[in-house]
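Trainee: Features from TrEMBL:
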{"type": "DOMAIN", "residues": "76-266", "note": "domain 'Peptidase S11 D-alanyl-D-alanine carboxypeptidase A N-terminal'"}
{"type": "ACT_SITE", "residues": "S81", "note": "active site, acyl-ester intermediate"}
{"type": "ACT_SITE", "residues": "K84", "note": "active site, proton acceptor"}
{"type": "ACT_SITE", "residues": "S148", "note": "active site"}
{"type": "BINDING", "residues": "K251", "note": "substrate binding site"}
Amino acid sequence: MSLRTSSIIAIVVSVLIALGIVQLARPVARPTVAVGVPSTTHMAGSLPKLPWPSGAQADVEVPGIGQWRQHGPSGARPIGSLAKMMTAYLVLKAHPLSAYGNGPTLTMTAQDATVYRADAATQQSVMPVTVGEKLSERMLLEGLLIPSGNNIATLLAQWVAGTVPRFTSAMNAEAKALGLTQTHYHGPVGLSPSTVSTAANEMKLAIFMMKLPIFRTLVAMPQMTMPGNATPKIVYNYNYLLGHNGVIGVKTGSTTYSGGCVVLAKNKTVDGRTLTVYASVLGQQATRTTSQLWASLDAANALLRATTKIVGTHRVITAGEVAGSLRAPWQSPIPLVTTKSASLIGWSGLTYSLHLTTRIPNATTIPAGTIVGSLSARVGSQTVTVPVKTAASLQPPSWLYRLKR
């Protein structure tokens, strides 16, 4: 072998050795994660069928859990005295009350008495008032929400805004601010067929209003004692279901144009957590034996009973469930598994979301059982999160892999 050939071989060997050293010393790629769960899935079983009323518009929601899609005829429709929920809200917004506060005292005027007599003469829902009578804000709100006094709605609107038209404008502005996109008011009473909304919008407003302790207290009252009489006169809430089987509100309405309308609320306790289930019905017609208002109450109550039966705890994450995999090019994928089970409140068929979060160590060796992230399940305002670990160990890459990569 010539000297020249020997030199070339030596150079080539040196280069190969150098390249090998570089390959062995060069950092390897960090392991990556492949997500192994869908972004959304549903609780085990089929979505239950609810007893939706025939011909009426209806909706059901459990705040913080989920809502059914509005059922029945589409579009906005007359709502009758459900409009008084917004009337009450604007009064309380202008003159806030605690749950048991009385608020300012108003002296009844000749105009107030005239409105009362006119409404009573046309067989509207009223609360009697007399000239010079002094009534607290709380008593007036009771008269608005329990006997559903139309004259009280007018009185309160004038007290808050000066005139009924200005109050009505404020009602519509507030509806827009609250996202009640299919709601329009034509006065504080609800008698006009131009006062319209949807079952979903009215339920949304009721849920919002029930966050106010004073409103929640008033609409749960099955009766009130009418003021101004030597002999106390008790009048009863049109919602005859109050106080029975957990029903706590909310408001009824019934006119020739609206049919029977109601938003009902009922409490249910699941795993120590108190939930409120809401059902709304608009446009319920009378039956041979039942008035349209009672028919709407019966329909909403049937929805509440059915919903409370199906709401419960459902497992959404199972211990040992594969949430993803850890992938390194020098080794087979390593399953990432949950360390424990977790549940959410809901019903069969309810959609929930899953999200895998990982924090992979910057290392080429990861022991089996290392916590490398978490899997979260979410529905409504509920979230549960469990740790995720490696089901096997990540071994360091071999020298052969390092050379050949």
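Any Cβ shown, glycine's included, is placed from N, Cα and C.
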Trainee: Sequence gap of 6 or more, Cβ distance under 8 Å: name the residues on the same chain that satisfy this around the residue listed as 'active site, proton acceptor', in order along the sequence.
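Mentor: Looking at Cβ-Cβ distances below 8 Å from the residue listed as 'active site, proton acceptor', excluding near sequence neighbours, one finds L144, L145, S148, A153, P188, V189, G190, K251, G253.
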Trainee: Taking the Cβ of the residue listed as 'active site, acyl-ester intermediate' as centre, how many other Cβ atoms lie within 10 Å?
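Mentor: I count 29 other Cβ atoms within 10 Å of it.
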Trainee: In terms of DSSP three-state secondary structure, what is the assignment for the residue listed as 'active site'?
Mentor: coil
Trainee: Using DSSP and three states only, what is the residue listed as 'substrate binding site'?
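Mentor: In the DSSP reduction, the residue listed as 'substrate binding site' maps to strand.
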Trainee: What is the one among the recorded positions S148, K251 whose Cβ has the most other Cβ atoms less than or equal to 10 Å away?
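Mentor: Of S148, K251, the one with the most crowded Cβ is K251.
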